[in-house]
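First up is the structure itself, then whatever we jot down about it.
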């Protein structure tokens, strides 16, 4: 595990950022992407279709990442997110089909919590290695859902051993006047204005209630973990459980609750996949998104905002690849080339000559590839999310800091 | 952490592989004096509403008509090669002959185990790689069926743009794409055909991820396509949903999906490319029961009813004569359908 090594490096000062900074970043990104669209002619980069698909791709990853965040902030590594998501997809399928859409959401949360409960009992009470327990949960969840599905879905209309019947859909929001009114503006391709119209259209067309809830949970998590006493105590269990206990915090109880909430979040992520991203439980539909969520959380430096950005980046690049990938990913190459050259200049100004040369060469090579080919082969478009994530992690990983006692075992009474 | 993730994923694969050896359930016996047939399903087994179910239907029909004894067993997701080999050996040791393996995943194991049991006959569906004197390869001319649904798409499109969503980019799925594109272009040479695949091997998640199918199909409908054909297994449900929300059409695959999808989605299914695995299994067993066991490559094409297009829902009724005309031309050899895009 490379992370503890990172943890020992002194933590960089985290600057407080105002909400306006985030707004500026979003607007800046929008302008940059608009510019890219104009230069490359890849007009699917900011269509409202792409943006709403990005939202749908982002939320399950973000929810899984939130699950990871809750647990790791309390010091419990949760590699079982994938398994808890799988349990969530089944919960949504079973309860959603039999008792209605909202029961499906609750079912997903409930079954995710069952996964969380197993992990909590194993790691918090019996002090099992976090990784071993997490991997075990991934295996158990897969087998258990396959077994349950073959017991409960066979014979139902549209159901079978590998899929549930169709789950009734959750309410979704469409503000027709706004959505239709902006359609013309979006299609007219006015620089930046059309992009803003596309974003607004995506948010007013078929926006699922669960998407809104998912995004709100990110905010709620931030508020609870960073603005309440409960949150402070919970995080203290992940930073220094000994200190926390010596100050009277019931460390084990906090850890237990954190892992339960973690399971609930991951379960909801699975529920979202089954109910919003598609409309039934399907064997294997999580497709590693739990692991991606874990990566997004690390990418985001164990903080809600960063984790959301990581999930969004992943969701966006994945969506581009799946939609008109050959053009859009081709356009992204140009963006990567320009970014690499910019970093090269930055490094040069800091007198890091070797790094500057490295980035400059990378930028020139990627740029050359951009001009040499007209579209990117499918083999590469599917890799894009992973390559971009690796690139960004590579650039920023020096600044990551995980909770100090993350993954370490803790016995009650260690404070002496 | 990345290394850790990788280790976690790998150990997940390895453990789940050796942890389970696949449930095998006996399904009784027939009249007894006939054949004893062992059937090894791919992941999903009975109830997958796809080719496993189709193979099972062929087996059931043979059991009823021919009075054979059967035994079945199914694979589990992510299992090791040795687990598949062991499944086949179990059948062979228990005196089942012939043994039928459903799906190309069994390719290597059939080739290996067939050598160990020269007196037992094996059949494998969807694979031509496993060769041997006692192996029958039951394969399908998917490109021919796909040609017909491609023609149907081209006859129905108003925007002159249609799409194809493949599950995983394997040579098998490329056959579907090649036939579909050829069929569409035969009707309208200037038509635009968007193609995409949801995942690249060895990542087979593209067959079971409806969310990805939905996103890919939505992208095509947004671009202007109005008919999308999927050869993406379980991800196909997402393609139908995208068609529904875009108010456009989609084409199903393998079985008559009009009959198996949720009632609310039926209106979007133009037709389905039928791959009649049941016909292949039944014919194979029929020959076997007559003492004439087939070996080598057996291609089930339009001519013998191995592939076809479906008409449920009535959306292709008005173009049926044109499609049947193409069908006849393929059967007569006047049109040769490519198998590679």
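Each Cβ is built from the backbone N, Cα and C atoms, and glycine gets one as well.
Predicted automatically and left uncurated, TrEMBL annotations should be read as such.
Taken verbatim from TrEMBL:
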- A:20-39: transmembrane segment (TRANSMEM)
- A:51-69: transmembrane segment (TRANSMEM)
- A:76-95: transmembrane segment (TRANSMEM)
- A:101-124: transmembrane segment (TRANSMEM)
- A:131-149: transmembrane segment (TRANSMEM)
- A:207-226: transmembrane segment (TRANSMEM)
- A:256-277: transmembrane segment (TRANSMEM)
- A:329-348: transmembrane segment (TRANSMEM)
- A:355-373: transmembrane segment (TRANSMEM)
- A:385-402: transmembrane segment (TRANSMEM)
Legend entry - Close approaches to the transmembrane segment (A:51-69) from elsewhere in its chain (Cβ under 8 angstroms; 6 or more beyond its ends): 78, 81-82, 84-85, 112, 198-199, 201-202, 205-208, 210-211, 214-215, 217-218, 221, 225, 261-266, 268-270, 272-273, 276-277, 289-290, 292-294, 296-297, 300, 302-304, 307-308, 310-312, 314-316, 318-319, 322-323
Legend entry - CB contact flag for the transmembrane segment (A:101-124) and the transmembrane segment (A:256-277), at least three pairs under 8 A: yes
Inset, instruction - Spell out yes or no: are there three or more C-beta pairs under 8 angstroms between the transmembrane segment (A:329-348) and the transmembrane segment (A:20-39), with each pair 6 or more apart in sequence? - result: yes
